[in-house]
Amino acid sequence: MDAHGAATGAAAVSGTEVAPDAAELDARDELTHCRADFVLDGPEGTVYLDGNSLGALPRSVPERLADVVEREWGRLLIRSWSESGWWTAPERTGDRIAPLVGAAPGQIVVGDSTSVNVFKAVVGAVRLVREEHGVAEGGGRDEILVDAATFPTDGYIARSAARMTGATVRAVPVSAMAEAAGPSTAVALVNHVDYRTGELHDLAAVTDAVHRAGGRVVWDVCHSAGALPVQLDADGADFAVGCTYKYLNGGPGSPAFLYVRREAQPRFDSPLPGWTSHADPFAMADGYAPGDGAVRGRVGTPDILSMLALEEALTVWDGVSVEAVRAKSLALTDFFLRRVRTYVPDGRAGRLRLTPLTPQEHERRGSQISLLCEDGSAAGGDDPAEAVMAGLHARGVVGDFRRPGVLRFGFTPLYTSFADVDRAARTLGDVLRNTGREAGS
Ligand SMILES: *Cc1c(COP(=O)(O)O)cnc(C)c1O
């Protein structure tokens, strides 16, 4: 009741006087109707700005999932693998994601976690590049370049993949990736949007530079799929992996996706050649013969409940263009930055200082705003961002924080309104002033 009471209080304060331009922006928003497709039933006045961590629940998913469980599993049982289309769900769901990331059909398979798919893609890319250059392990093309600011799992997996392939890993800032790529480069593993800062990188330019050096690129599009236009085919991406539980709203732990460019598919040698990727899985043959196309990225039995929840969640995209989503995302993040300047003049509140980490330029901005929150007093110690985010949660504004000092606010254009943004910025100002008074004491 505590958080609920506080949230209702916050709503009462700001709800009565929503700034006119938030109302105006909401009135002009061509995506407002999409909000009704989601369950956003938190306590009154809750503003959810954490869709970059776990997307909201699409309204049609519970009924679909109940049908999958009760009828397809409960009654049809084994028949559902064929009659309910379970067996082909990984490619079918991949084809639903394809238009959102600029991929023609037949190149995306859904299954496993992002971490597992990073492993398949990195090892597969090293093998592919060595084959193309006619070098064996130890004969060259033995360096894996990894985005120095990468989400940790990618770095851990890349180092293990390197040990397994006799390669080494070099951490390189994305801004220096083009220059770093050279004759020993096998693969570059790059995050399209930096999860901490929200910086968007130039997929086409980095891909082009690594290609000119004779390497291949694995893109992690976890924070761009469903948030902004991604042009995997047009920009020449070789491999890409992405989450479906963030901006694609597939639900907690919903399976990730793997894109392997059509041209590379016949030579994609997966390090996890499970039986469901076999050319004839039910032959139960001793020897492995890979299937053709996206199927090759499969490993074992697909996670049907999560996958079919995701498939249903993707219906919210029917009739919605990623370009419209991008336009609204930029408007939301611009508006948030503007409101934060209003409610936190000069980025200061007591001892606390707030500095935007996300680039101001639209071409370099993902769909989140990260604010560095520092305690100006030397006393320091505890991370003030943690206390500030706790204060925001208590008042019904849900974002998250990443140590050290980063407040993250994710904007999901399908369900975030400008009124939400205004309320979040206003509450942030209040919480900062309260926390700033106590900080360092
Ligand atoms: C969220 C995220 C992941 C998550 O990987 P899982 O295997 O799903 O836990 C990986 N990479 C990036 C860049 C992410 O943002």
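Along the chain as shown, the residues are counted starting at 1.
A Cβ is built for glycine as well, from the same backbone N, Cα and C atoms used for every other residue.
Annotation source TrEMBL lists pyridoxal 5'-phosphate binding site at T114, S115, F151, P152, T153, D154, D220, H223, Y245, W275, T301. The DSSP secondary structure for Y245 (pyridoxal 5'-phosphate binding site) is coil. A sphere of 10 angstroms centred on the C-beta of Y245 (pyridoxal 5'-phosphate binding site) encloses 24 other C-beta atoms.
Per TrEMBL, the feature compositional bias 'Low complexity' maps to 1-19.
Around the Cβ of K246 (N6-(pyridoxal phosphate)lysine), the same chain contributes G51, N52, S53, L54, G55, C222, H223, A225, G226, A227, G410, each under 8 angstroms and 6 or more positions distant in sequence. Feature annotation from TrEMBL assigns N6-(pyridoxal phosphate)lysine to K246.
Taken from TrEMBL, the feature region 'Disordered' covers 1-21.
Listed binding-site residues: D220, Y245, T301. Those with a CB atom under 6 Å from ligand 1: D220. Maximum intra-site Cα distance, pyridoxal 5'-phosphate binding residues T114, S115, F151, P152, T153, D154, D220, H223, Y245, W275, T301: 31 Å. According to DSSP, T301 (pyridoxal 5'-phosphate binding site) sits in a coil region rather than a helix or strand.
Long-range Cβ proximity for T301 (pyridoxal 5'-phosphate binding site), meaning a same-chain Cβ under 8 A and a gap of 6 or more residues, is found for T276. By a simple count of nearby Cβ atoms, those within 10 Å, the most crowded of the binding-site residues T114, F151, T153, D220 is D220. Classification of T114 (pyridoxal 5'-phosphate binding site) by DSSP places it within a helix.
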